[in-house]
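Per Swiss-Prot, the features are:
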BINDING   ASP6, ALA7, GLY8, ASN9, THR10, ASN11, ILE12, VAL13, THR132  ATP binding site
BINDING   GLY107, ALA108, ASP109, ARG110, THR184  substrate binding site
ACT_SITE  ASP109  active site, proton acceptor
BINDING   ASP129  K(+) binding site
Amino acid sequence: MLLVIDAGNTNIVFAVHDGESWLGQWRISTNEARTADEYAAWLLTLFDRVGVNAKAITRAIIGTVVPVALYELRRFCREWLDVVPLVANARLDWGIDVLVDNPNELGADRRLNGLAGRELFGAPLIVVDFGTATTFDVVNSAGQFCGGAIAPGVNLSIDALHRAAARLPRMSIGRPTAAIGRNTSVAMRSGLFWGYVGLVEGLIHRISDEMDAKPTVIATGGLAPLFSEGTPLFDVLAPDLTLDGLRLLADRNTGPPLSYSPERSQGIGQ
């Protein structure tokens, strides 16, 4: 079995794949001080509860945008699972060309989204990832990653609004029933939700206009289910796309070499 670890700015997600499907996913807040032993005490207990045999895990891969967390995650894999994990970095064979000015600046999560989107749904495509930042990742008709856009995430905007305006409450995001709010909470919820829908729709239209063909538009990330219901522009809802990217990258680097071809990709509805 394969253990996939996706370490983001807000949360770290652990997931186990048995070669056919995901057996489970577990999420813990990102804490740079957390040790390998703490990961083990938490995760192995959860494995026991759902019947995942840790001894059956023979492969692992880590993708992270938090470099300081990498050391303890690798140590957890080595010391508690007896597995040397792959790390999603430039040393691996990604199988996707990157057409950006400085590939070293490109976050692993964005490249993973492009890889998984292309392999699962075909190219061209736009992946919108609703995470700590809201990212737009673009793959052209030739299957090449060619850039995108980055905007502040929804929860960052909520935090900033609360900090800058002390009388405005800290609130959770949700879809309002109307755009016109008749009290402060509803007005804030409207501005946050419909404001982000407008941002997303505007960038999707602008990016699509610059592409060589009509793209498949994919929503992923923790808030993807909420925002995908607010606009008709999304063709696919794939909340676990980054995990699928890590799985595909691990398979590519521990199995027979693979090469991309449009015929091998699965289109929408197939």
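Positions of Cβ are set from backbone N, Cα and C atoms, glycine also.
Structure coloured by features recorded in Swiss-Prot.
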residue: ASP6; record: ATP binding site; CB count, 10 Å: 25
residue: GLY8; record: ATP binding site; CB count, 10 Å: 23
residue: THR10; record: ATP binding site; CB count, 10 Å: 14
residue: ILE12; record: ATP binding site; CB count, 10 Å: 23
residue: GLY107; record: substrate binding site; CB count, 10 Å: 18
residue: ALA108; record: substrate binding site; CB count, 10 Å: 23
residue: ASP109; record: substrate binding site; CB count, 10 Å: 28
residue: ARG110; record: substrate binding site; CB count, 10 Å: 25
residue: THR132; record: ATP binding site; CB count, 10 Å: 20
residue: THR184; record: substrate binding site; CB count, 10 Å: 12
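In sequence order, ASP109, ARG110, ASN113, THR135, ASP137, THR220, GLY221, ALA224, LEU241, THR242 are the residues of the chain that are 6 or more apart from the residue listed as 'K(+) binding site' and have a CB within less than 8 Å of its CB. Look at ALA108 (substrate binding site): DSSP puts it in a helix. Under the three-state DSSP scheme, THR184 (substrate binding site) falls in the helix class. Calculated from their C-alpha atoms, the gap between GLY8 (ATP binding site) and ALA108 (substrate binding site) amounts to 10 Å. Geometry remark: ALA108 (substrate binding site) versus THR10 (ATP binding site), CA distance 15 Å.
If you take the Cα of THR10 (ATP binding site) and the Cα of GLY107 (substrate binding site), they are about 15 angstrom apart, rounded to a whole number.
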